[in-house]
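Read the structure below first, then the notes.
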Amino acid sequence: MWSKKFTLKKLILGGYLFAQKVYCEDESNSIYGTWSSKSNQVFTGPGFYDPVDELLIEPSLPGLSYSFTEDGWYEEATYQVSGNPRNPTCPMASLIYQHGTYNISENGTLVLNPIEVDGRQLFSDPCNDDGVSTYSRYNQTETFKEYAVGIDPYHGIYTLQLYQYDGTPMQPLYLAYRPPMMLPTETLNPTSSATSTDDPSSNKKRSLRSLVRRSLENRHKTNAIKRQNTSFLTSNAIWYISAGMLGVGSLLFLAF
C-alpha cells in the first residue's frame, strides 16, 4: 500500500517537473530580446541614441540595458551616476552606447565585440567641466564569464543574470521586449572620406529644438513589442497545474 502511494506521488511530481521543463526549454536559455535593469527606464534603441545627429538621450533614471538578436548582434545602453566623495553635490554621470556582435563559447562565456567607430560616451563632471559635458568615441570589449536566464519568482518574467569576467554578478536584467528594440545591425557612423566634407550642408549645425524633436520622434521608430506571456504554459499556469496535481494526488493518497 505504501509503495503504491509513494509511486503515485513520484508520478505527480514528475508530471509537474516535465510540464515546467517543456515550458522553459524553448526560451529559458535564450538571451534573444531587450533586457533592462530594475529602474525600467533605460532601453536600447532610438530612444537612447540618435546616430544621425549623434545625440545621446538621457533617461529619467540610471540603469542598464542589453539587446541581443538571434543571429549574433547586440546593443548596449548604459546610464551611470556615481557620487563625488569630495563634493556630494557634484555627482558624475555617463551615458554609453555600443553595438556590435557577440559570441558564446562552449564553456558559456559571453563576449561582446563592439563596432569600434560606433561607440559613444557622454561624460558629465559638473564641478570640473564648467557645465560642458565631454562627448567622445567609446570602444570597450566586454567579457562575461557566464550568464543565466530564469524566471523571477515574484513577477513571473524572464531575468538575465550576467557575471563579470571574475565571476562577480551584475545587477539582474528583466526581459522588456521580444523581438528586441535596437538600432540597425550595421555600422552606423563609418569613417568619413575626404570628399564627404565638400558639401557645406554636411557641416551645418542643427538647432537644439530640432535635435530634441528628432529624439522624441525616434522613440516611436521601432518594430519591437512589449514582452507578454502568450504561451499557454505561463508561470501562473504552471502554478495552477502544480497546485491541481498536488490536490489530486492528496485525494488519491487518502482514497487508496
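Each residue, glycine too, has its Cβ placed from N, Cα and C.
Taken from Swiss-Prot, the feature signal peptide covers 1-24.
The topological domain 'Lumenal' feature in Swiss-Prot is assigned to 25-235.
The N-linked glycosylation site annotation in Swiss-Prot covers Asn103 (among others). According to its DSSP assignment, Asn103 (N-linked glycosylation site) is in a strand.
Same-chain residues at least 6 positions away in sequence with a Cβ under 8 Å from that of Asn107 (N-linked glycosylation site) are, in sequence order, Glu146. Per Swiss-Prot, the feature N-linked glycosylation site maps to Asn107 (among others); the stated evidence is experimental evidence.
Mapped onto three states, the DSSP output places Asn139 (N-linked glycosylation site) in coil. For Asn139 (N-linked glycosylation site), other Cβ atoms within 10 Å of its Cβ number 14. Summarising the annotation, Swiss-Prot assigns N-linked glycosylation site to Asn139 (among others).
The region 'Disordered' annotation in Swiss-Prot covers 186-209.
Residues or ranges marked as compositional bias 'Low complexity' by Swiss-Prot: 190-200.
The annotation transmembrane segment is assigned in Swiss-Prot to 236-256 on the grounds of sequence analysis.
Separating the Cα atoms of Asn139 (N-linked glycosylation site) and Asn103 (N-linked glycosylation site) is a whole-number distance of 17 Å. Mean model confidence for the topological domain 'Lumenal' (25-235) is a pLDDT of 83.
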